[in-house]
């Protein structure tokens with residue numbers, strides 16, 4: 001019992017100072033204390049019953065022995081007083097020894113039971129302490145697990161938020177990719193349209209060059225025809241002059257030579273003037289074509305006939 005009291009006092013010292021901790025500790029120790037009180041109460045009741053039974057048994061043994069001695073003395077009044085006294089002494093000694101043996105046996109049994117109860121109570125106290133230690137460790141583990149669960153839950157929420165953000169970013173990137181794809185398709189269409197425009201411009205340029213060449217050739221043909229006409233006219237005139245010269249040959253040699261010389265000079269002048277006029281026409285055409293191409297290069301009003309070029 002002293003050990004139980006000491007262990008209880010030490011545990012009370014280890015309990016916290018707050019009212020809630022003390023109330024929780026008493027609430028946890030309540031069934032153990034009630035069990036110990038019940039055990040002690042039952043032990044005391046058994047001890048009282050045994051003491052009462054021992055007293056009753058001792059009283060019954062004494063009364064039966066007195067009755068036997070009275071009957072023996074009444075029946076054997078004729079015996080000698082020495083034998084009666086001897087028998088009475090022997091009976092008293094035997095009863096005293098039996099009572100002492102019974103009392104000592106009962107006391108030994110009670111002491112053994114008390115020792116067993118104390119041992120059992122100490123064992124129970126140790127078990128209770130071990131259970132308390134295990135409960136405290138389990139509580140600590142539970143608290144640690146709760147804290148870990150809270151941390152994991154917070155991390156999970158953070159990861160969920162990050163996943164949501166990444167989902168939004170992915171959707172935004174997908175939309176941007178769609179926009180870029182549409183822009184790329186638009187640029188490809190524009191590039192194809194521009195390529196068509198360039199091809200058409202090249203074709204137009206080639207057409208312009210060919211038209212210029214055709215015009216030049218036409219002018220050359222016209223000039224050649226004109227020159228042929230002039231040559232033909234010159235030949236006709238020369239034949240006429242030759243005829244006239246032959247007709248007037250009889251007049252004088254000096255006059256004929258001077259006239260032929262004048263005619264040849266006039267023919268040479270006409271040929272030179274023809275060549276000069278033809279070269280002037282070509283230069284004028286070249287200047288006109290170059291001015292036209294410069295205007296085409298600088299033209300902002302040139303359209304390909306497509307909506308993209310407008």
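Using N, Cα and C of the backbone, Cβ positions are placed for all residues, glycine too.
Residues or ranges marked as domain 'NAB' in TrEMBL: 1-58.
Residues or ranges marked as coiled coil in TrEMBL: 135-162 (among others).
Mean pLDDT of the predicted structure over the coiled coil (214-248): 86. Taken from TrEMBL, the feature coiled coil covers 214-248 (among others).
If you look at the coiled coil (135-162), the same-chain residues 6 or more away from its ends with a CB under 8 A from one of its CBs are 28.
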